[in-house]
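Per TrEMBL, the features are:
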TRANSMEM  20-42  transmembrane segment
TRANSMEM  54-76  transmembrane segment
TRANSMEM  88-106  transmembrane segment
TRANSMEM  144-162  transmembrane segment
TRANSMEM  182-205  transmembrane segment
TRANSMEM  217-237  transmembrane segment
TRANSMEM  249-268  transmembrane segment
TRANSMEM  280-298  transmembrane segment
TRANSMEM  304-321  transmembrane segment
């Protein structure tokens, strides 16, 4: 039994062609998220509330799952939906919600570059929980591959994408402003460790839950996203005064919501038929897509660190999935 099928008899993956297409689409959507979000900016800032985008994304995923069940794309359980199996999905919804908000608070205690570099520790925490909770063992070669993924993410974050306009003579004073100095507080470091642990636990727990239950994926997602909508609705309502739910939304913002919703559904299929480790590789490979789109759409310059990170990611993929 391979690592990728989770060791559960009868839980095979989709056909190779569909599986490859699904991973490529998910990688592209992950990589496109930041550039699309940048295209939403008005006067250098996002014109809508971040909680609105998260809530609408969860709601879109919920509606797509319900539609899938209603039209029969996935079979409804003959004996009716076992609602008692919905309760366990409250925990991953709570964990995901906590991490989405923790990311915002982390920015108060460290600079963005430090966050981007150190957040790669969630690769290690995911691998740790993967071994502990699913009782899987990673070979030395696979462990080295994950270390290379962490190094690639840190290298990419540390190098950063450069705006060539900042180096031109006569640039506006704002463009010449120096970058935020590197810093991190003890509380920030503690919160970052909590963030990485929650990230790894939520990913592995969701995988375990989806593989243990003999339910259609759309129904499992329906349970998960119902809790997600309720949680994010509460967070949005309790966020204080601000723009309305749809205020400030544009076509680019709608595309961000739709792409993130579709990507969430694709990643749930990866968790069901693949593994949390596969998800790590998808997220890491999306860095390449992110950089290329940022260079094409936002005219940012690719630093040398990008090419080193790409090389490390390719080597990691070969070590983990290549012939042994």
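Cβ atoms here come from the backbone N, Cα and C positions, even for glycine.
Of the Cβ pairs linking the transmembrane segment (249-268) with the transmembrane segment (88-106) and spaced 6 or more residues apart, fewer than 3 are under 8 Å, so the two regions do not touch.
Residues 49, 51-52, 54-55, 58-59, 61-62, 65-66, 68-69, 73-74, 76-77, 81, 85-86, 89-90, 92-94, 96-97, 101, 206, 209-210, 245, 265, 268-269, 272 of the same chain, all 6+ positions outside the transmembrane segment (217-237), place their C-beta atoms under 8 angstroms from a C-beta of that stretch. The stretches the transmembrane segment (280-298) and the transmembrane segment (144-162) meet in space: the count of Cβ pairs below 8 angstroms, excluding pairs fewer than 6 apart in sequence, reaches at least three.
Same-chain residues lying 6+ beyond the ends of the transmembrane segment (88-106) with a Cβ under 8 Å from its Cβ atoms: 50, 54, 115, 188, 191-192, 194-195, 198-199, 201-202, 205-206, 209, 220, 223-228, 231-232, 235. Distant neighbours of the transmembrane segment (54-76): 100, 216-219, 221-222, 225-226, 228-229, 232-233, 235-236, 245, 257-258, 260-262, 264-265; these residues of the same chain sit at least 6 beyond its ends, with a Cβ under 8 Å from one of its Cβ atoms.
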